[in-house]
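Enquirer: Features from TrEMBL:
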{"type": "BINDING", "residues": "42", "note": "L-glutamate binding site"}
{"type": "BINDING", "residues": "76, 77, 102, 152, 173, 196, 239, 240", "note": "pyridoxal 5'-phosphate binding site"}
{"type": "DOMAIN", "residues": "5-350", "note": "domain 'Aminotransferase class V'"}
{"type": "MOD_RES", "residues": "197", "note": "N6-(pyridoxal phosphate)lysine"}
Ligand SMILES: *Cc1c(COP(=O)(O)O)cnc(C)c1O
């Protein structure tokens, strides 16, 4: 059929079943006689899709009723600004756990809005680890603590979130590992994720926010489109939402249900990651510089002994239809993204290619 094994970090592979379903419904979605893309966002048909997507996400992630689910635009990157604009209160500060490029960007945006401080950082270690942190160092005037749960570029993951007993809400960028492992939603005040890694196509960002954190800002100058309260009140229909992307999320969520939910997804993901890390650890050619306890289940950066060999491996992999394995430009080498839609067989094909390549080049 000409499809490749796509290890892209994002936008990334979608389940084939989901793509086929979307294809089969493209011209006539839910017997409406029109495509989802041609349908009014105020129509009953679309409202049903929006409602279903929220209901599925709520059930899969076990999101209590005291949290709102919003579908917004502007990517996870706009959340870097919306979070401080909505949550950072006057005379308070926002604390940031700096674990990689994305958290650095989030911190930089918060500094434009108000007082932002670094809670802990692993930049000295080139982000190869999650830094130690002590919750007791947080000022009482902290409006929230921001963390990036999975560092897409550097390949690390937070396995134990800071505990602030909800006195200080934790705001979590879950863009690259949402729905990949079990998360206790009530440990977080806000969770947000751009869709294009584990949820669907780009163009929509999911925000899960505790109701008491909505409408906190004193600023009367907050633009309407940047105000969580407006979107919450309008049920994500204040203006035209990204209807096709929300439709796709609903199909992806249905697919996650068919796999058995998040626990089964996590089991699959752990197996996939283990297979690749074992191959790297057993190899004399390939290596990973990430601290073992902090390894990501979703994004696995690895290298050979030099850039030339990296290039040769990327070539060899591509000849076997294993694509998008080039590492992020800031890290180099290779990176395999093993999001939910990557089947175990895809990782098996990759580890086979690594073994073959190592034999050939030694
Ligand atoms: C991809 C990514 C982002 C940026 O997402 P956009 O939707 O492109 O703005 C932010 N944070 C993390 C952890 C990411 O992986």
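Glycine is no exception: its Cβ is also placed from the backbone N, Cα and C atoms.
Because the structure is a prediction, the values reported are computed rather than measured.
Would you situate these features in the structure and describe their surroundings?
Expert: Around residue 42 (L-glutamate binding site), taking its Cβ as the centre, 9 other Cβ atoms fall within 10 Å, counting all chains. In the three-state DSSP assignment, the secondary structure recorded for residue 42 (L-glutamate binding site) is coil.
In the three-state DSSP reading, residue 77 (pyridoxal 5'-phosphate binding site) counts as helix.
Annotation for residue 197 (N6-(pyridoxal phosphate)lysine): same-chain Cβ neighbours under 8 Å, separated by at least 6 residues, are 9, 10, 11, 12, 152, 175, 176, 177, 178, 298, 337, 339.
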Enquirer: Roughly how many angstrom lie between the C-alpha atoms of residue 42 (L-glutamate binding site) and residue 240 (pyridoxal 5'-phosphate binding site)?
Expert: 9
Enquirer: Do any of the binding-site residues 42, 76, 152, 173, 240 touch ligand 1, in the sense that the CB is under 6 Å from one of its atoms?
Expert: 76, 152, 173
Enquirer: Counting other CB atoms within 10 A of each CB, which of the binding-site residues 152, 239 comes out lowest?
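Expert: It is 239 that, of the binding-site residues 152, 239, has the fewest other Cβ atoms within 10 Å.
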Enquirer: Of all the binding-site residues given, 77, 196, 240, which has the fewest Cβ neighbours within 10 Å once its own Cβ is left out?
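Expert: Minimum Cβ neighbour count within 10 Å, taken over the binding-site residues 77, 196, 240, occurs at 240.
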Enquirer: For the binding-site residues 76, 102, which Cβ has the most other Cβ atoms within 10 Å, all shown protein chains included?
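Expert: Of 76, 102, the one with the most crowded Cβ is 76.
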